[in-house]
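Asker: According to TrEMBL:
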{"type": "TRANSMEM", "residues": "6-27", "note": "transmembrane segment"}
{"type": "TRANSMEM", "residues": "39-57", "note": "transmembrane segment"}
{"type": "TRANSMEM", "residues": "69-90", "note": "transmembrane segment"}
{"type": "TRANSMEM", "residues": "95-114", "note": "transmembrane segment"}
{"type": "TRANSMEM", "residues": "120-138", "note": "transmembrane segment"}
{"type": "TRANSMEM", "residues": "159-177", "note": "transmembrane segment"}
{"type": "TRANSMEM", "residues": "189-212", "note": "transmembrane segment"}
{"type": "TRANSMEM", "residues": "250-274", "note": "transmembrane segment"}
{"type": "TRANSMEM", "residues": "280-301", "note": "transmembrane segment"}
{"type": "TRANSMEM", "residues": "308-326", "note": "transmembrane segment"}
{"type": "TRANSMEM", "residues": "332-358", "note": "transmembrane segment"}
Amino acid sequence: MAPCGLHLTALRNINLFVGFIWTYNVIEQSYKSKFKKNINGFVFRFAITLLIIVYISKKLDWSELVRQLIVADPFWLTIACLLFGLVNLLAALRWWFLLLVQGIHLPVLTVTMITFIGQFFNSFLLGAIGGDIIKALYVQKYAPNHKTYATLSIIMDRAIGLMILIFGSLISMFWQFRNNAESSQMSTIMYALLGIFSISSIVGLLLIFIPFQRFPARLRKLVDLIPHKHIFKLMISGFRQHGVALKLTLASMAMGIILTIVLIAACYSIAIAIGLGVTYLQMLIIMTVVICVVSLPISIGGHGVREGAFIIMFSAFGLVSIGQQMGKGGELVILFSLLFFTIPLFWSIVGGIIYLSFRHDYSLTVLKDI
């Protein structure tokens, strides 16, 4: 019986390897086709990334940065790592509620494992978009007749997270305006975030509570001109489910709020570890702006732009002085950015291990018609 068991184990390992190669090839082919169509955009983003990294690198005192890393408090770095793990668990719960909104009933453990797998692909393949593609592929296999709604759940997952961040930052900014002299320097950022939040909220509420048939005739005619308009209409239908399943939507938002609190606590722990004097509310504002900036297709994976955004935001609170040289605290800010990127990689590796051991039982799904 032992040889038979060995054969089964070997066969399973081969299947895992083939599955990984297939998944990678699907993403690679998709990426290559988009790359060929958007070669100019890629070159532009690559140039921006390279220029920013070179510019910042020349102004850094690398020996000082290494020294600050050596004296960083390992206790608070460990706390930050654990909190980032909790962020992934909360993200899985938030997404699980959004899947329920769309009538896709998967076990919470399965959704958690897919979330960690997505985090692995986020870090080691195509950036944030790569993980979303993987999550969409998995859910579409579990729910082949709900592909559009499965994809919508991922889009809403991103949108809810960003909106909660922006809302929390706006509240924090009003508090900063009331207590800090630096508030005038933040007014432009506050108005920009307020504009994004207001427009997004209005559009979202209209889509949730007003049937598409009641939209102005001209707008409906414009929708008819959109390629694959049936998919767009399905997306609107799925979006309106958030009004029907309001309790589940509110549950996902509650998870999002807790997730945001934990995420900022993780970042705050990194700041404590390296002696970067920033308050929790300041960290909330800084992270919101940086995440918004990094989400823009300016650079590759947000590299370079992320560091530049951190420098600008920390300087807005007087923690960094920008001049001919990086200035006081500049190395700390870059170290913070590097740790913010590298510490969550531990959980990405965990996601890779989960991927290799994940049991793909696509019969687990329970679907409900919308």
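Glycine is treated like the rest: Cβ placed from N, Cα and C.
Note that this is a predicted model, so its numbers are computed, not measured.
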Asker: Same chain, outside the transmembrane segment (250-274) by at least 6, Cβ under 8 Å from its Cβ: which residues?
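Answerer: Tertiary neighbours of the transmembrane segment (250-274) are 68-69, 72-77, 79-80, 83-84, 86-87, 90-91, 93-95, 97-98, 101, 156-157, 160-161, 164-165, 168, 280, 283-284, 287, 332, 335-336, 339-340, 343.
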Asker: Going along the chain, which residues at least six beyond the ends of the transmembrane segment (69-90) come within the CB cut-off of under 8 Å?
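Answerer: Long-range Cβ neighbours of the transmembrane segment (69-90): 112, 115-116, 119, 255, 258-259, 262-263, 265-267, 269-270, 272-274, 335, 339, 343-344, 346-347, 350.
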